[in-house]
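Here is what TrEMBL records for this protein:
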- ASN111, HIS116, GLU121: oxalate binding site (BINDING)
- HIS114, HIS116, GLU121, HIS162: Mn(2+) binding site (BINDING)
- CYS35-CYS50: disulfide bond (DISULFID)
- 73-217: domain 'Cupin type-1' (DOMAIN)
- 1-25: signal peptide (SIGNAL)
Amino acid sequence: MASFSSSCFLLFTAILALVSSQALASDPGPLQDFCVADNSSRVLVNGFVCKDPKAVTAEDFFLAAKLDMPRDTKMSKVGSNVTLINVMKIAGLNTLGISLARIDYAPLGENPPHTHPRATEILTVLEGTLYVGFVTSNPENKLFSQELRKGDVFVFPQGLIHFQFNPNPYKPAVAIAALSSQNPGAITIANAVFGSKPMISDDVLAKAFQVEKKTVDWLQAQFWADNHN
């Protein structure tokens with residue numbers, strides 16, 4: 001009986017460890033040196049099918065992204081431009097669990113409150129000043145914020161709502177961010193809530209935000225543009 005109980009305990013522990021590892025995992029880990037995405041494959045998997053290693057070249061790991069060049073922020077209603085380099089841009093990122101973004105901010109521009117459902121983000125300021133922060137989950141909803149200057153670094157935990165704002169009315173700002181997923185995803189809160197297709201019922205949003213329905217209708221009538229490229 002003791003042997004049976006011990007075996008059951010070991011089995012339960014093994015299952016728990018397996019489930020925990022799957023729950024904590026974000027992107028699938030590589031089981032070989034690389035798994036370059038085969039964008040021509042019609043097979044649907046979590047990520048991308050591997051390209052034949054014999055057909056892989058250095059070009060699969062390269063992109064002339066010109067990240068040293070300023071991006072246009074004038075066309076953005078929020079005054080920012082996010083240039084994301086993920087697995088859709090560099091096939092060699094498949095299964096490596098990382099991506100990169102350059103973010104340009106106009107004077108008083110912002111990268112509005114948003115989340116990355118699949119990635120933690122670490123951001124460093126290259127030029128200018130940024131006011132940044134993230135908010136914890138319910139029920140505390142605590143704001144952690146900081147003013148960053150050139151060379152400073154800040155971390156945004158995976159899945160939490162966060163933002164960056166350039167408080168300088170005269171000078172632009174630039175940042176580089178690394179994200180812990182080949183495809184981190186982005187959900188901009190205002191766009192998702194007021195710009196969904198089809199629209200969320202104004203009855204629902206009026207009660208959720210404790211405002212009149214005409215206020216919700218006005219917000220839903222706005223053009224909710226994406227600042228990601």
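Just so it is clear, glycine is given a Cβ too, placed from its N, Cα and C backbone atoms.
Bear in mind that TrEMBL entries carry predicted annotations, made automatically and left uncurated.
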(request) May I ask for the distance between ASN111 (oxalate binding site) and HIS162 (Mn(2+) binding site), taken between their Cα atoms and rounded to an integer number of Å? (result) 9
(message) Cβ within 8 Å of the Mn(2+) site centroid (HIS114, HIS116, GLU121, HIS162 excluded): which residues?
(response) THR115, ALA119, PHE134, PHE156, LEU160, ILE161, PRO184, ALA186
(message) Comparing the disulfide-bonded residues CYS35, CYS50, which residue's C-beta has the most other C-beta atoms within 10 angstroms in this structure?
(response) CYS35
(request) Kindly report the helix/strand/coil residue split of the domain 'Cupin type-1' (73-217) according to DSSP, in that order. (result) 22 helix, 56 strand, 67 coil
(message) Around the oxalate site formed by ASN111, HIS116, GLU121, which additional residues qualify by having Cβ within 8 Å of the site's Cβ center?
(response) ALA101, HIS114, THR115, ALA119, LEU123, PHE156, HIS162, ALA177, LEU179, PRO184, ALA186
(message) Using a Cβ cut-off under 8 Å and a sequence separation of 6 or more, which residues in the same chain sit near HIS162 (Mn(2+) binding site)?
(response) PRO113, HIS114, THR115, GLU121, VAL132, GLY133, PHE134, VAL135, PHE156
(request) Return the residues near HIS116 (oxalate binding site), defined as same-chain residues 6+ apart in sequence whose C-beta is under 8 angstroms from its C-beta, sorted by sequence, else 'none'. (result) PHE156, GLN158, GLY159, LEU179, SER181, PRO184, GLY185, ALA186, ILE187
(message) With every protein chain in view, what's the tally of Cβ atoms within 10 Å of the Cβ of GLU121 (oxalate binding site), excluding that atom itself?
(response) 22
(request) Sort out for me which one of ASN111, HIS114 has the most neighbouring CB atoms within 10 A, since those are the binding-site residues we care about. (result) ASN111
